[in-house]
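Participant: There's a structure below that I have some questions on.
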Amino acid sequence: MTNIRKTHPLLKIVNHSLIDLPAPSNISAWWNFGSLLGLCLMIQILTGLFLAMHYTSDTATAFSSVTHICRDVNYGWLIRYLHANGASMFFICLYMHVGRGIYYGSYTYLETWNIGIVLLFAVMATAFMGYVLPWGQMSFWGATVITNFLSAIPYIGTTLVEWIWGGFSVDKATLTRFFAFHFILPFIIAALVMIHLLFLHETGSNNPSGIPSDSDKIPFHPYYTIKDVLGFLMLILLPLLLLLFSPDFLGDPDNYTPANPLNTPPHIKPEWYFLFAYAILRSIPNKLGGVLALVMSILILAIIPFLHMSKQRSMMFRPISQVLFWILVADLLTLTWIGGQPVEHPFITIGQVASILYFSIILILMPLASLIENKILKW
C-alpha cells in the first residue's frame with residue numbers, strides 16, 4: 001500500500017515541499033534563513049493575535065491598553081516583548097536571507113527573487129504600522145514624518161497624505177486603519193510566502209557553488225529538517241535572552257511617553273532595522289530626491305539580476321566581488337549607525353559618503369569587478 005502522504009491531495013503538497021523534496025547535498029547554514037523566516041512569521045502572527053485580543057485602537061486608550069497588557073494580562077509582558085523583539089529577529093533573518101541571495105547569485109531565479117522583494121516591502125510596511133500602534137511619542141511622530149514623505153509626490157502628494165491620515169493630521173482615524181492593515185498584512189505575507197515557495201520549487205534550490213546540482217540531490221527529510229530544527233532552537237534562544245534580560249534594548253525610551261502632538265521629541269528615528277534607509281533619505285537635502293533614494297535603496301534589489309556580468313553564478317570563487325560584497329555589508333552597518341545619530345557634522349558627511357558608496361557598489365563596482373574576473377579567468 002502506498003503511503004498516505006504520497007496519495008492524499010493535501011498531504012501530497014506537504015510531502016513534495018517538506019519531505020521528499022530533492023535538495024542539493026551541499027547547501028550551508030545560510031540556507032536556513034528561509035525556514036527561520038517562516039518560524040518568525042508564525043511567532044509574529046500568534047503573538048499578534050493574542051495582543052489584538054487586549055489592544056484597543058483608539059487614541060484615548062491605545063497607550064493604556066498596552067500598559068494593561070504588560071501589567072494585568074497573564075504573561076502579557078512576555079507576549080508583547082516576544083512580538084516586539086520577534087520583529088527584530090524577523091529583520092535580522094530577512095537581511096541575512098537577502099544577503100545570501102546576493103552572495104550566491106540566487107537572484108537569477110527571477111520570479112522567486114521578485115516575489116521576495118514584494119515580501120520585503122510588505123514586511124516593512126507591516127512593521128512600520130505596528131510601530132505606530134502603542135501610540136507613544138515615537139509612534140506618533142514616526143507616523144507623522146514617514147507618511148509625510150508622500151507629500152513629496154508632485155501634484156497629488158498633499159491630498160494623498162490627508163487621504164492616508166483620514167484627516168488633517170495623524171489621529172484616531174489613522175490609528176484605527178493602521179491597526180486594521182497591521183492585522184491583515186501578515187496573512188497576505190503568508191500567502192505571498194506560498195507563491196515564493198511555489199516559484200522556488202519550480203527551479204529547485206541554488207547551492208553555494210552556483211553549479212547545477214541535479215546529479216547530486218538528497219531528500220529534504222531527515223537531512224534538512226534536522227538542520228532547520230537546530231536553526232529554530234538557536235533562533236528561539238537569541239530573542240529569549242534578549243527579552244528576559246533587556247527587553248527594551250532595541251526600543252526607544254521616547255515610546256514610553258504617551259503621544260503628544262504639541263511636543264516633538266529631540267530626535268525622531270524609526271526602529272533600528274529601518275535606520276539604513278532613513279540615513280540614505282536624510283543624506284539628500286531635497287525632499288523628493290530623498291524619498292526616491294529611500295525607495296530605490298530597496299528597489300535596487302530588482303535591478304541586481306540585470307547587472308550580473310559574471311560567467312559564474314556564485315561569488316564563492318570570485319575574490320574581487322567578495323571584497324566588494326563585504327564592503328557593502330560594512331557600508332550598510334555604517335548607514336544603520338548614522339541613521340540613529342543627530343543631523344549634524346560629521347554625521348551628515350559620513351551619511352552622504354556611505355549612501356553614494358552603497359549605490360555605486362551595486363550599480364557600478366560589482367558589475368565591473370565581474371567583468372575583470374571574467375578577463376582574469378580568460379572567459
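Keep in mind that glycine also has a Cβ here, set from the backbone N, Cα and C atoms.
This is the feature table in Swiss-Prot:
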- 33-53: transmembrane segment (TRANSMEM)
- 77-98: transmembrane segment (TRANSMEM)
- HIS83, HIS182: heme b b562 binding site (BINDING)
- HIS97, HIS196: heme b b566 binding site (BINDING)
- 113-133: transmembrane segment (TRANSMEM)
- 178-198: transmembrane segment (TRANSMEM)
- HIS201: ubiquinone binding site (BINDING)
- 226-246: transmembrane segment (TRANSMEM)
- 288-308: transmembrane segment (TRANSMEM)
- 320-340: transmembrane segment (TRANSMEM)
- 347-367: transmembrane segment (TRANSMEM)
Participant: May I ask which of the binding-site residues HIS83, HIS182, HIS201 is closest to HIS97 (heme b b566 binding site) if we compare their C-alpha atoms?
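Facilitator: In terms of Cα distance, HIS97 (heme b b566 binding site) lies closest to HIS201.
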Participant: Is it possible to get the count of other C-beta atoms within 10 angstroms of the C-beta of HIS83 (heme b b562 binding site)?
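Facilitator: If we count other Cβ atoms within 10 Å of HIS83 (heme b b562 binding site), we arrive at 21.
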Participant: Expressed to the nearest Å, what is the distance separating HIS83 (heme b b562 binding site) and HIS196 (heme b b566 binding site) at their Cα atoms?
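Facilitator: Between the Cα atoms of HIS83 (heme b b562 binding site) and HIS196 (heme b b566 binding site), the distance comes to 24 Å.
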Participant: Counting across all protein chains present, how many other Cβ atoms fall within 10 Å of the Cβ of HIS97 (heme b b566 binding site)?
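Facilitator: Around the Cβ of HIS97 (heme b b566 binding site), 20 other Cβ atoms lie within 10 Å.
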Participant: If we call contact 3 or more Cβ pairs under 8 Å (sequence gap 6 or more), are the transmembrane segment (226-246) and the transmembrane segment (347-367) touching?
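Facilitator: No; fewer than 3 Cβ pairs under 8 Å.
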Participant: How many Å separate the Cα atoms of HIS201 (ubiquinone binding site) and HIS182 (heme b b562 binding site)?
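Facilitator: On Cα coordinates alone, these residues lie 29 Å apart.
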Participant: By a simple count of other Cβ atoms within 10 Å, which of HIS196, HIS201, the binding-site residues in the record, is least packed?
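Facilitator: Among the binding-site residues HIS196, HIS201, the sparsest Cβ neighbourhood within 10 Å belongs to HIS201.
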